[in-house]
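Have a look at the structure below, then the notes.
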Amino acid sequence: MNFIRNNRRALIQRMGLTVTKQICDDLFALNVLNNQEANVIYCEPLEQEAARKIIHMTMQKGSAACNLFLKSLENWDYFVYQDLTGQNLSYQVTEEDLNVLAQNLKDLYNSPAFLNFYPLGEDIDIIFNLEKTFTEPIMWKKDHRHHRVEQLTLGSLLEALKSPCLIEGESGKGKSTLLQRIAMLWASGGCRALKGFRLVFFIHLRSARGGLFETLYDQLLNIPDFISKPTFKALLLKLHKEVLFLLDGYNEFHPQNCPEIEALIKENHRFKNMVIVTTTTECLRHIRHVGALTAEVGDMTEDSAKDLIEAVLVPDQVERLWAQIQESRCLRNLMKTPLFVVITCAIQMGRQEFQAHTQTMLFQTFYDLLIQKNSHRYRGGASGDFARSLDYCGDLALEGVFAHKFDFEPEHGSSMNEDVLVTIGLLCKYTAQRLKPTYKFFHKSFQEYTAGRRLSSLLTSKEPEEVSKGNSYLNKMVSISDITSLYGNLLLYTCGSSTEATRAVMRHLAMVYQHGSLQGLSVTKRPLWRQESIQSLRNTTEQDVLKAINVNSFVECGINLFSESMSKSDLSQEFEAFFQGKSLYINSENIPDYLFDFFEYLPNCASALDFVKLDFYERATESQDKAEENVPGVHTEGPSETYIPPRAVSLFFNWKQEFKTLEVTLRDINKLNKQDIKYLGKIFSSATNLRLHIKRCAAMAGRLSSVLRTCKNMHTLMVEASPLTTDDEQYITSVTGLQNLSIHRLHTQQLPGGLIDSLGNLKNLERLILDDIRMNEEDAKNLAEGLRSLKKMRLLHLTHLSDIGEGMDYIVKSLSEESCDLQEMKLVACCLTANSVKVLAQNLHNLIKLSILDISENYLEKDGNEALQELIGRLGVLGELTTLMLPWCWDVHTSLPKLLKQLEGTPGLAKLGLKNWRLRDEEIKSLGEFLEMNPLRDLQQLDLAGHCVSSDGWLYFMNVFENLKQLVFFDFSTEEFLPDAALVRKLSQVLSKLTLLQEVKLTGWEFDDYDISAIKGTFKLVTA
């Protein structure tokens, strides 16, 4: 009792929570502590408080209890006991004894038993040698946010080693091999960072049992007799950081089996030995809080994969295999995981030719290898039972994929022969310290393959019941987003397993596109490639945008299924039904190999696509050479000097048919030579209808005319922020078949004979957009003259034109003085005058097909209100009006009553813009009353920016505003407006009811953090 009293402070500080609870177990078993007292200790989360309580309880029970306490302490924490009793035995181990132990470990780590290992498990007789097959991994240091902050090599990791060091990575990333390599380097004596360690222990945590001493004895070597367990513990305590533990596979470790190792990791500050632990990312959460250094094993580099292949295969096999990998981006991607490199090598072993072109082939070979290698281990059952067990394994995997389940309990396998599946390795059984065993597939992707294999067999079965069962699984896939995100791999392996199964899958996917859903909505027909900003999406709902993105992924999914199926042209009809009417986006810098097969074997499908978009970007010539080495049909001598990838030329020019529509975008290209232009011409020739977009291309100055000469079927041209010469502009106006022309941000001075002067030559032009172009009044007059000749024009945008004087008077007159078919007119920020508006009003009867009229961002000076009222009074002739965006002038708010009267006849209005109308409370109430009596049910955009409304006025308006259920965007911006609390609360309630909102502009509203928190939602909120 005196001993405990004298050492009470040290005991409280050093015992630790694990040891305290172990001592509590002993004292409870010996009836020193009763049930209530033991529960007090078990429920105490603080280690020092738990130690304080158990010491107090023990001392109250007398000397006998104290003696039992010390005996238990000696058993569970010998280090502390030896220190406190003054019986430290470290002196009993001499330097010579320590050297003998270290040499024994080094001999082990240099022995074939340690260096030779089974990369696919001991059941598969394929052996790799650590010295010859180890390749340097890429690792990433993680910060406290668990973000990657620094790339590490093995050497830099060891130099910066802190304990505990946690190494995370998914299965198959080579974590175990990494620890074995560290042990081998220590044994060799050639690693400077490891020379400070006197002892290094490599431990497989999955088979750790008993204490630390017993585990080392079982796994590594016979520890010399002169080193007893107490002596060994004292030795570890003495050496501190001179001992390194390499603990492999915490994800397979059961702490109950070896509490000392658990304490070595989680209470490392007590042991002070260095520890490196590997675990899967999923299990990292159990130990991340104690890690002093966390590193993630990343992807295997291409060079490392090649080194590994060269180390395990003979030279002629390496050459054939590497050639196949270089031809397939799919295989190159799989080679980032060491496990798949090993499987690929295993496939090649014993074969004359490498055949693994697909992911399915890799898994199929591995699956068959498991069956072949291990089926002989199954004894005592009929062959039919064996086959049924395999089928049930597939059913288990299939049900798991649909239930998103990857761990299985015994009840899930009630009708299967578990011995068969566990014996041959299809399932792994986990039983240690479990009331019920758990079954898992060795890898999530392998479960998906097993499921796909089973689904394929069901769909191609001769038994109607099995076919019906297979179709029932397909019928669960009714959402495009689910197919692309949840079931993509399942379908990939299904199609890779059977051509007939592919036929069934593609028929189902075609039906999903026609009749399926995305979050309960029918599939959109929007162009799939378009990634537009929120400003240009205000006519659409959020669901529309989401559907477009998912349908684009759907097309990519279809092409991947074609590639995986290796069906070539056998299923041409089924694939054509799937691709009919869809769109495809291609990045010229990343053209996958399967597209060449797609164009070659399914030309009817490529022709069935409505739209193909191809993008070109500026690129360095050095970076492209490697990508061009394997371009089919292209032979180059020396470094390439072209900026258009020959791979793109090969794909499009060698194709024997034509696309319906091809859109080519040239972006940020600063150099373009004659060969590039020739290449573009070859690509352009593959389309019946060509669209050419040029964005920020300095190389186009003086070369656009040459590029356009190669375009025989160009119907659309868009030029943005790219300088043009007079010759370029003249040639544009000579392309008489042009239907759509867009010019943006052209700041060069208009020269005689240029684009503006000759625009009238484009007789077939239907859409014209001129945005931010340098013009003067004389240029505007010439433009007006040219517009008279464009009789087929349906859309005209003239935006952000300055310094054109009264030029808009001439332009408006030329557009409206005769009856025409113009459907969309945008004259935004273009010096529109009151006279222009008057002319437009007087001639509005000639524009009766107008559905979009946007003349916003124009300030009408003299007689502006009169002109605007005249225009408003004649709006009734526009029976198809859906968009109305008006200019402003002095006292423009007085025109609101007349406007509201006219809007009674336009219930289909989708956009209304009254920017800078300086609406007051009176006007906003009038607008609210109008919307209450004449609800614009289709209104999607409302712009009332530049108002003078008070909080009371907005409160009144909000009661009606919340009924605009289709609203996508609104702008109520103003200057220095402080909304009161009641308005903020009401606004928050209204916004929560407008579920389709994408963007809200409230610039000038002086919100604090509480206000922002109340009104924010899934939409974009702009307040500054």
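Cβ atoms are placed via backbone N, Cα and C, with glycine included.
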> So which of S328, S533, S816, S926 shows up as phosphoserine in Swiss-Prot?
Replying inline: S533
> Of T135, T153, T460, which does Swiss-Prot put in the ATP site with G172, K173, G174, K175, S176, T177, H443?
Replying inline: T135
> Taking residues 6+ outside the repeat 'LRR 11' (965-985), which of them lie with a CB under 8 Å of any CB in it?
Replying inline: 534, 537-541, 910, 915, 937-949, 951, 954-955, 958, 993-1007, 1011, 1014-1015
> Per-residue pLDDT averaged over the domain 'CARD' (1-88) comes to what?
Replying inline: 86
>> Quick test of the contact rule: Cβ under 8 Å, at least six residues beyond the ends. What residues does that give for the repeat 'LRR 4' (762-785)?
In response: 718, 733, 735-750, 756, 791-801, 803-808, 810-811, 813-814
> According to DSSP, how is the repeat 'LRR 2' (656-679) divided among helix, strand and coil residues?
Replying inline: 6 helix, 9 strand, 9 coil
> Using DSSP, what's the helix, strand and coil tally for the repeat 'LRR 4' (762-785)?
Replying inline: 9 helix, 7 strand, 8 coil
